[in-house]
Amino acid sequence: MSRLSLLGLTAAVVLLSSFCQDRIHVDAAAACKGCAPPCVCPGTKGERGNPGFGGEPGHPGAPGQDGPEGAPGAPGMFGAEGDFGDMGSKGARGDRGLPGSPGHPGLQGLDGLPGLKGEEGIPGCNGTDGFPGMPGLAGPPGQSGQNGNPGRPGLSGPPGEGGVNSQGRKGVKGESGRSGVPGLPGNSGYPGLKGAKGDPGPYGLPGFPGVSGLKGRMGVRTSGVKGEKGLPGPPGPPGQPGSYPWASKPIEMEVLQGPVGPAGVKGEKGRDGPVGPPGMLGLDGPPGYPGLKGQKGDLGDAGQRGKRGKDGVPGNYGEKGSQGEQGLGGTPGYPGTKGGAGEPGYPGRPGFEGDCGPEGPLGEGTGEAGPHGAQGFDGVQGGKGLPGHDGLPGPVGPRGPVGAPGAPGQPGIDGMPGYTEKGDRGEDGYPGFAGEPGLPGEPGDCGYPGEDGLPGYDIQGPPGLDGQSGRDGFPGIPGDIGDPGYSGEKGFPGTGVNKVGPPGMTGLPGEPGMPGRIGVDGYPGPPGNNGERGEDCGYCPDGVPGNAGDPGFPGMNGYPGPPGPNGDHGDCGMPGAPGKPGSAGSDGLSGSPGLPGIPGYPGMKGEAGEIVGPMENPAGIPGLKGDHGLPGLPGRPGSDGLPGYPGGPGQNGFPGLQGEPGLAGIDGKRGRQGSLGIPGLQGPPGDSFPGQPGTPGYKGERGADGLPGLPGAQGPRGIPAPLRIVNQVAGQPGVDGMPGLPGDRGADGLPGLPGPVGPDGYPGTPGERGMDGLPGFPGLHGEPGMRGQQGEVGFNGIDGDCGEPGLDGYPGAPGAPGAPGETGFGFPGQVGYPGPNGDAGAAGLPGPDGYPGRDGLPGTPGYPGEAGMNGQDGAPGQPGSRGESGLVGIDGKKGRDGTPGTRGQDGGPGYSGEAGAPGQNGMDGYPGAPGDQGYPGSPGQDGYPGPSGIPGEDGLVGFPGLRGEHGDNGLPGLEGECGEEGSRGLDGVPGYPGEHGTDGLPGLPGADGQPGFVGEAGEPGTPGYRGQPGEPGNLAYPGQPGDVGYPGPDGPPGLPGQDGLPGLNGERGDNGDSYPGNPGLSGQPGDAGYDGLDGVPGPPGYPGITGMPGLKGESGLPGLPGRQGNDGIPGQPGLEGECGEDGFPGSPGQPGYPGQQGREGEKGYPGIPGENGLPGLRGQDGQPGLKGENGLDGQPGYPGSAGQLGTPGDVGYPGAPGENGDNGNQGRDGQPGLRGESGQPGQPGLPGRDGQPGPVGPPGDDGYPGAPGQDIYGPPGQAGQDGYPGLDGLPGAPGLNGEPGSPGQYGMPGLPGGPGESGLPGYPGERGLPGLDGKRGHDGLPGAPGVPGVEGVPGLEGDCGEDGYPGAPGAPGSNGYPGERGLPGVPGQQGRSGDNGYPGAPGQPGIKGPRGDDGFPGRDGLDGLPGRPGREGLPGPMAMAVRNPPGQPGENGYPGEKGYPGLPGDNGLSGPPGKAGYPGAPGTDGYPGPPGLSGMPGHGGDQGFQGAAGRTGNPGLPGTPGYPGSPGGWAPSRGFTFAKHSQTTAVPQCPPGASQLWEGYSLLYVQGNGRASGQDLGQPGSCLSKFNTMPFMFCNMNSVCHVSSRNDYSFWLSTDEPMTPMMNPVTGTAIRPYISRCAVCEVPTQIIAVHSQDTSVPQCPQGWSGMWTGYSFVMHTAAGAEGTGQSLQSPGSCLEEFRAVPFIECHGRGTCNYYATNHGFWLSIVDQDKQFRKPMSQTLKAGGLKDRVSRCQVCLKNR
């Protein structure tokens, strides 16, 4: 060991000497000037010594502070696939969510188009003035208003009388008076007579925005700002299956179409595997079977015009053609000459209803009560009503059972065992405020189960005798108007009479219109006359200074000032608030068991106990407080205590050896901002080099859509398109247009979600140098850095103290040998103060090196020397070891936003943090702005109660006292302990009800009692006043963010912040380790509390004996309605009813009065918690209450917002004939017909009788085109004589509309048939151009009430009230029922016009008004279908035919717009002949002229458009009967497909004669994104060949599709399989028994469903045969009140089996179940004699449901 030490010492000497050799003299002198002689050690460098042995390890250091949270580790490897977990138990019902935040106000709608000018209305008659309204109640004195505008000067009044103290003289003209308070709104006047016809007004301003349109398509899903917590929804469907170990979030799969694999055996649904790699392209398959014959192709393009064919034999006269379509409108003709006076016109249409006249006189008379209306549908749930006034206290209920023992308190600190003498009883202190609730105590030992109680007796008395009949009540108020009934069947057309009826009664006043736009300010009125002279004023002293004004609104924030100079270093601040508790340390070592306690003294003998048992003794007087007992005997040794707290940090150990440089650590999270450090010295300005610009980051995710911009102005009307209509086939979508001009900048949108974190950009330009921060903790020693550049020689620093010799350094490079110096010696003297700088002496000769002297004592540091000259560059040294970390700089200014980074991976769920320490109470806030004038306040609270007197002895039960006045509120009593159950006292006589007392002070929170019995319903409380609506706040736009200022000093503690929005639910953390604690020692019983205040009076006595009923008096005259009486005496309690169903949770009740202090009971053992009882039976319905008297008339309400569009009204009477419509467009060219063979001209036969119309023949196939004819120009032939017109054939019956069939195969060309008889009218032509917009129709009925509006913007904050006593924490109440409507409040002063609020809830639908006048005729609608042929007309007159040469058809001009008709002008002078005008409109047919000469045939013109139908020709001679045609065969079957559903798990069989196409599962409808899309159960689309709970996916605009990752639904026809016993959802293969099977069948003819609306199966129509019978299924709804329906003509509306809900609901997570929101709708039976009567409501129970369901049959048309 000594050798080793010597070796180490030698190495140290060698190293030290070598170290000293490398130092230059100048450095040595500079480093330790004044410490010791310079170290001069000549000699050669020794060899490197062996490394020394490591020293002993130092003491372990104190535990450091908690380090910053480490960065998340790299994601681990995927774990092995876990097994399916067991199905979890049903979760507890979630808490009621917070109400959602109000949505953003919608944008203002576009202005409507200006309406057309209305026709002049009939002038109304003047109405009579209404009666003056009743004088209103006197309002409270209002606040002084602002000075009004100067009024008009009044007329000069007579001179006033002289004042008291003056002879009086004319005063100066007084200032204008202030504007008076606006009067109350008067009652609406009666409607006035219609005024005279007014001049046509100018075009009106654009109308108000129209009614909101239907909901548009769903917009892009953007993440909006998180709303407030919503109300709890209905119980949700079961949760999703557990996540796999590696599934940190749902994987959004992009759907790629993979190759179809071979069909395997259908197994259970597997788990979703990861997407596999794309497969290889498969080989070409074998050629398929030849496909079915394709559908008939579209018509080809028209071929070239063929040559003219030979003239055929004249055919038979055709049938009279139908009227052709109207031609295009001609160009306007020249104005005609003024016509003569016309004949009197028909009576004009009634004009629009005139404005309402003034109110007529009140009519008298009492109508009889109308019939009771049908029960209306449930209204939309209203918003939460204002809280009503507290009701009168109900009768005291029976005493509840003893409550459960309260939670044990927190154990106190163990005190030293003391011994005190009992002192005198102190005076009662004031009751203290309620303290903060203590932390929950440790659980006590389990008690023993108590003994069973005595069984109770259920006694039910006999029912009472029937009372005598009451007097007849007053006639009831007419009931509400019932909902509009269903539309009846269309009645028979009435017979109109061409008369104008007498004018109708003046209609009721209409609903107030929408508020008009704010008008333009009017011109100032003329100055008024001088006012009357004011009275002289006597001695007018100065006014008393007014009260201090309300504090003003806080001003706007000023602009940030320039940064101020650096402040001085502040004083040390007050110690900060205690920090949040640190994270839990690791478990400490188990503490040693405690020492046994000191043995207690034996206790005194207790007093005799109370007799326990069913004795009827009254409770005794409580005894005096006993003395403290002596300490008890020592208890048993306690069990091991809880683990001790971790020990404090130990003292710092000695520093250990420097370790190896560690690996580079993971970047820690950004630390908290450090406090401001001491400002450092001003550093030199750093160099700045501009960095290279960074590469642009990745594009962030799409932000939230901004609010839509304001609508742009309406563009000018476009040029009308040319009216050349080629085949009306929709063209291909056009090319996208050029981007529009940029709109104005919209308001800032809501902030988008943060984009993914982008990659690090290139370094930016260095910012300005920040201030130095506080010194940071020393960092770890880093690895040696790269060799730095050679720095300039700095100034000499202040001489420091000589340090201890450092560790041995590495040997340096050998320095240049110095000149030998003189040998010096001497004893080191004490260090003197440094002297002044002497003059520079001449340089001495260098002396030889001296021996090294011993180190001198460290001297005191000298003053800093002056700056020396720059030395020469030294030789580069070895790279030094890495220095310690520098001080942390002060945070620089906020840098510019970096490019958004890519989104990081979701972190794992964090550990649950411990509850934080409760925050300190915030300071009182500044007083808010003064509120508006409120309604008169309710009476203030009474003062504090006086001290309670000494309780007197119980007196005898007195007679009922007179009605007491308001009692004072008592102070809250201390919480007494539970006393024993007292005996039931005698019932007192019920007292008169007292007036409504004011609310008492809140009491201390009582212990939770056992739930009491359901008390009888109390009488309704008086309705509360309605609060004034607050003014909405202005919508402010966010300002630009200011520059980050310097950090300011810590401000005073801020006001307590409002509760933040609830955070998102965190993911469930892992189960923590739990160690059961050992039970603590039993504490000593506490002292008895102070006596409580007097309790409330005892329960009411038994009800008195009912008196004998009086004789029935005669009915008196009905009196005037009295004012609302006081609340009556509570009635006698009825017989105890059976338990009712659970009601909704009531609102939290007022705290009860404190009870009398009971005697201290013995501490019982805690009982075992009982099991949940069974729900009670439903109680009997109570008797309906008496109808209340009518309330006072309320003030007129604010105009309601426009309701939604109502349902379409009843079919109106047929309108007057409309004006002739514009001419329609020309029809398209027809296809050329087949060429017939030449027939022989027949002899004219006798006219035959009209034959019956024959059956419609099948359409012939297209023939081949004929050979082109040659053009032959022959001489014109002689004009033949005109033949007689033929008779018209009878019209054929209209054919039924057939369903479109599949295209048939091409047939062979048929034989040319003989001329067939007239066919039925053809199919309607293609749809024409859309007609002009019709005129505005009548307003529809008011719509159903809309969805409740969003909550309004909160009003301004009122003045702060005085601090109240701390209330007891109430239980969270559920939403109460809306209170009854309160009495009308006193009319308030007219407030300022508020900003437009959010749209309120739609009002109730108004009473249906009388039928309005006929509106203007609408614009021409679309051309209707051709009507049935009219009756045969008489043969027309014989016309002379004239053949004019056909002219060239002109091009169609653009139809001009219809101008207003001008007034006829006077005849002007004849002008010179003008140019040839445009061809005029065709005039009326002139008399036939003489036959002209036959002209040369003209060239064949192009085929013209189809001309208008010609006039009816003369009847021709009857032709010869043609040969009978051969009977046609059956047309080929087009095939009709339908689906048939079995409603079982068996695949249904197609009916006889039908062939099955495929089989599958019965899909009813799907619901995605909250919208339902249904299937017709009679169509093949409702039979999917494969089943899945989520058979569809949704795709977005980013070409990404998602499968089973949303809350969507699918609904399937179900079987009769019942629900599971636990009613939990089914999953996997357990779903199969619930899903109905189906088959798709094909039949050759049409198939329909007929419904009887009766319990009997209907018969198929003649020519149809039945296929199956069933029940008429109409509609279905489910989640979100969404659903679809069945067409009643479809076979899907006739289900073979009836079930109330014939379908099951399935979700995307693979579960199916029946839910309470699923409803089925079935046609009900309608009796023949009750078709137009009010339907009787009826509720059917199970077993009799089919008695009211309509039956149906599916029928097939016979061939």
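Placed from the backbone N, Cα and C atoms, the Cβ positions cover glycine too.
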Q: Could you identify, going by Swiss-Prot, the member of CYS1638, CYS1641, CYS1660 that forms a disulphide bond with CYS1755?
A: CYS1660
Q | Cβ atoms near CYS1660 (disulfide bond) (within 10 Å, other residues, all chains) | A | 18
Q. About how far apart, in whole Å, are the alpha carbons (Cα) of CYS1752 (disulfide bond) and CYS1660 (disulfide bond)?
A. 10
Q. Of all the disulfide-bonded residues here, CYS1601, CYS1706, which one's CB has the most other CB atoms within 10 A?
A. CYS1706
**Q.** Neighbourhood of CYS1583 (disulfide bond), C-beta criterion under 8 angstroms, separation at least six
**A.** ALA1539, HIS1541, TRP1558, GLU1559, GLY1560, TYR1561, SER1562, LEU1563, CYS1638, ALA1639, VAL1640
Q) Counting only other Cβ atoms and using a 10 Å cut-off, which of the disulfide-bonded residues CYS1595, CYS1638, CYS1694 scores lowest? A) CYS1595
Q. For CYS1660 (disulfide bond), which DSSP three-state class applies?
A. coil
Q. Hey, does DSSP put CYS1595 (disulfide bond) in a helix, a strand, or just coil?
A. strand
Q: Please determine which of the disulfide-bonded residues listed here (CYS1641, CYS1712, CYS1752) has the lowest count of neighbouring CB atoms within 10 Å.
A: CYS1712
Q | Pairwise Cα distance for CYS1641 (disulfide bond)/CYS1755 (disulfide bond) [Å, integer] | A | 14
Q | From disulfide-bonded residues CYS1550, CYS1595, CYS1601, CYS1694, CYS1712, the one whose Cα lies nearest CYS1755 (disulfide bond) | A | CYS1694
Q: Determine the most Cβ-crowded residue among the disulfide-bonded residues CYS1550, CYS1755, using a 10 Å radius around each Cβ and all protein chains in the structure.
A: CYS1755
Q) In whole Å, how far is CYS1706 (disulfide bond) from CYS1601 (disulfide bond) when you measure between their Cα atoms? A) 20
(Q) With DSSP assignments reduced to helix, strand and coil, which class does CYS1550 (disulfide bond) get? (A) coil
Q: Over the region 'Triple-helical region' (195-1530), work out the mean pLDDT and round it to an integer.
A: 56
Q.
Using the alpha carbons only, what distance in Å do you get between CYS1595 (disulfide bond) and CYS1706 (disulfide bond) once rounded?
A. 20
